[in-house]
Amino acid sequence: MSKGTPSRGKRQTQTHLTCRRCGRMSYHKRHKICSSCGFGRSTRMRSYGWITKRPKVATH
């Protein structure tokens, strides 16, 4: 497969669809898992501590 402009024409298929649980375009069509909320993998909502910003704390 070549690089550059010719390979850009192969990008026509949809990878992600709208998730039924969170409504974002993050549900993977082939893997059947939402990358945003974890639908299809877990009954709990996907949430990690490293996603949210922590409040600024005085260091001195």
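Using N, Cα and C of the backbone, Cβ positions are placed for all residues, glycine too.
Note that the structure is predicted; figures quoted are calculated from it, not measured.
What Swiss-Prot says about this protein:
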type	residues	note
BINDING	C19, C22, C34, C37	Zn(2+) binding site
ZN_FING	19-37	zinc finger
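Those residues of the chain, other than C19, C22, C34, C37, with a C-beta within 8 angstroms of the mean position of the Zn(2+) site C-beta atoms are R20, R21, G23, R24, S26, Y27, S35, S36, G38, F39, R46. Remark: secondary structure over the zinc finger (19-37) totals 0 helix, 3 strand, 16 coil, with classes taken from DSSP. When Cβ-Cβ distances below 8 Å are used as the criterion, the zinc finger (19-37) is approached by residues 45-46 of the same chain, each at least six residues removed from its ends. By neighbour count, meaning other C-beta atoms within 10 Å, the densest spot among the binding-site residues C19, C22, C34 is C34. Sequence-distant contacts of C37 (Zn(2+) binding site), defined as residues of its own chain at least six apart whose C-beta falls under 8 angstroms from its C-beta, comprise C19, R21, C22, R24, S26, M45, R46.
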